[in-house]
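Some features that TrEMBL has for this protein:
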TRANSMEM  21-41  transmembrane segment
TRANSMEM  53-73  transmembrane segment
TRANSMEM  94-120  transmembrane segment
TRANSMEM  166-185  transmembrane segment
TRANSMEM  205-228  transmembrane segment
TRANSMEM  248-265  transmembrane segment
TRANSMEM  277-299  transmembrane segment
TRANSMEM  319-348  transmembrane segment
TRANSMEM  386-407  transmembrane segment
TRANSMEM  413-432  transmembrane segment
TRANSMEM  462-479  transmembrane segment
TRANSMEM  485-509  transmembrane segment
Amino acid sequence: MQPSNKSLEEYQEERMKFTNSWTFMMTALGFAAGFGSVWRFPYLVFKNGGGTFLIPYFLLVFTLAIPLFFLEVGLGQTKGMGFAHLIASEKPKLAGFGFIGIIIASYVSTYYNLIMAYSFRFLWDSFKYPLPWLESIINEEQPFSKNYFYGDILHISDSITNINEIVWSLLIAYMVSLTIVYFIIKEGVGTSGKIAIVTATSPYILLVILLIRGLMLEGSSEGIYYLFKPDFVKLFNPSVWVDAANQVIFQMNVGLAILCLYGSYRKKDDNLPNFSYAIPIITALCGMLAGLVVFSYIGHVSFKFNIPIDELPLSGPDLAFVLYPAILAQMPMPNLWCILFFCVLVLLGVDTQFGFVDLIAGTIEDACLGEVFLFGYKLTVQQVRLGICIVLGILGSIYCTDIGFYLLEFVDLYGTTISFMGGLLFEVFYFGNPQRFNQFKKDLEQCNIQIPKFIEFSITKLCHYTVVILLIISVIQQIKGSLSYNGFFIVVGWFISFLPFLWALLTYLQKRNEKEEKTEDVELNLLEKN
């Protein structure tokens with residue numbers, strides 16, 4: 001790629017912007033509320049003491065999520081550039097650290113699109129009558145069956161090393177979902193922000209409809225009671241606090257550089273504190289809504305089949321693609337409820353996925369000051385995003401085989417655990433440094449924005465300790481997760497984990513060598529003049 005002819009000031013003047021604060025809010029909300037809100041948050045509430053879990057959860061929303069949200073959006077808003085470009089402009093030697101979140105987003109976006117493909121495949125099948133997964137439920141005389149998802153949809157093999165076939169229906173669904181994402185984001189945030197008003201609100205309207213129906217079922221109150229039944233003894237269990245912190249960080253998407261990019265698309269004087277409170281709190285409440293929906297139906301199944309709730313699959317893909325379709329298939333008008341549910345999953349996935357693609361595209365455009373050249377040809381905004389979607393489609397095609405589900409779990413373990421926390425650690429220590437934080441305060445004051453005291457305390461003090469503890473626990477969790485793989489996959493997995501940091505190290509060495517060469521050239525010139 002060749003350098004741009006524009007100055008930074010010219011690029012920032014021409015840079016795309018959100019049309020207003022509400023499109024920013026809807027885009028940020030849509031990105032934050034992904035699949036985890038449906039299949040992870042309700043399970044964590046149930047697992048960690050019901051209503052008791054909400055104490056550390058909401059405490060960390062205020063002391064961790066809101067301060068980091070304020071920091072990341074504020075940095076982008078005041079500087080008018082994304083995270084990677086910001087680090088590179090301030091500390092060229094540390095430029096590689098600015099790409100950690102982008103590399104992680106690239107990992108996640110490949111398999112996130114696979115989950116969207118699952119959702120599209122189930123949505124397609126929801127228009128068939130009778131529902132195709134109902135047959136296996138009847139044959140097994142059980143309230144749910146895993147055969148349809150793992151057999152008919154995934155064609156899953158017996159191990160990650162045993163690849164036999166391409167699952168063509170998944171590959172088609174994968175490409176369809178990427179195509180939809182491209183057409184949403186091809187014009188940039190000016191268009192995708194408007195679309196997000198629909199795609200970010202629709203899932204919750206549909207969830208409210210599902211909740212109303214769920215509350216009308218026998219046993220639903222038992223499910224909701226199990227969800228919120230308090231167990232205060234668990235407040236003294238460190239794992240509860242760790243689960244709460246991890247859920248807050250991943251649910252609010254702090255540390256991925258996307259919020260800094262979204263902030264850079266705002267006007268410098270846009271209201272920051274109010275949105276920094278509102279978006280994390282609304283995101284948390286949306287997770288609560290999903291929990292009510294999920295457990296109202298789970299309570300019904302428990303009551304109908306006399307099965308204890310804790311013996312049902314309550315987390316992950318099994319919840320979304322095994323238990324929930326089975327519940328809906330056994331209700332009056334099953335096709336209607338299945339269509340509504342999988343529309344919710346598709347819309348949740350689309351919002352998050354186009355955020356990932358926007359992040360990658362925005363980072364590339366920032367690095368080139370808006371003029372991206374490839375082989376001497378200047379690419380348009382649409383061509384940059386098309387190129388990213390094509391690359392994601394090529395890389396993601398391996399997931400559309402009979403080992404794809406194993407690869408999803410593999411990349412999720414190694415691509416988002418240590419690397420994510422390591423990148424967040426750099427962020428809080430770099431920007432929480434007193435000197436750099438004071439500069440941040442001055443930048444905000446020039447935009448007539450004041451930093452609340454508790455946010456300042458969290459960024460400069462509290463977040464440091466929290467992220468260090470989470471990083472240590474992440475290392476332990478990843479080591480434990482590695483025990484289920486053989487030597488080859490362990491080596492590949494840890495390489496994936498450390499790749500963002502290897503990139504940062506190589507960038508540091510390259511910049512240091514460039515500086516030394518420049519210093520030597522200056523000294524030689526001085527000697528020649530003398």
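Positions of Cβ are set from backbone N, Cα and C atoms, glycine also.
Remote same-chain residues near the transmembrane segment (413-432) are listed as 68, 71-72, 75, 87, 94, 97, 100-101, 103-104, 107-108, 249, 254-256, 440, 459-461, 463-464, 467-468, 470-471, 474-475, 477-478, 481-482, 492-494, 496-501 (criterion: CB distance under 8 Å, separation of at least six residues from the stretch ends). The recorded stretches the transmembrane segment (462-479) and the transmembrane segment (53-73) share 3+ CB pairs below 8 A when only pairs 6 or more apart in sequence are counted, and are therefore in contact.
Beyond the transmembrane segment (205-228), the same-chain residues lying 6 or more positions past its ends with a Cβ under 8 Å from any Cβ of the stretch are 42, 45-46, 50-51, 54, 289-293, 295-304, 309, 331, 337, 340-341, 343-344, 347.
Panel annotation: around the transmembrane segment (319-348), residues 33-35, 37-39, 43, 115-116, 118-120, 122-123, 126-129, 131, 133-134, 137, 143-146, 148-149, 153, 177, 199, 202-203, 206-207, 209-210, 213, 217, 294, 297-298, 300-301, 312-313 of the same chain, lying at least six beyond its termini, place a Cβ under 8 Å from a Cβ of the stretch.
The transmembrane segment (386-407) makes no contact with the transmembrane segment (248-265), as judged by fewer than three Cβ pairs under 8 Å among residues 6 or more apart in sequence. Counting Cβ pairs under 8 Å to the transmembrane segment (248-265), the top-ranked stretch among 53-73, 94-120, 166-185, 277-299, 485-509 is 53-73. Residues 113-114, 116-118, 120-121, 124, 153-155, 191-192, 195, 199, 346, 349-350, 353-354, 357-358, 361, 385-386, 389, 392-393, 396-397, 399-402, 404 of the same chain, all 6+ positions outside the transmembrane segment (166-185), place their C-beta atoms under 8 angstroms from a C-beta of that stretch. Taking Cβ pairs closer than 8 Å, the transmembrane segment (485-509) reaches residues 93-97, 99-100, 103-104, 107, 160-161, 410-411, 413-415, 417-419, 422-423, 478 in its own chain, all 6 or more past its ends.
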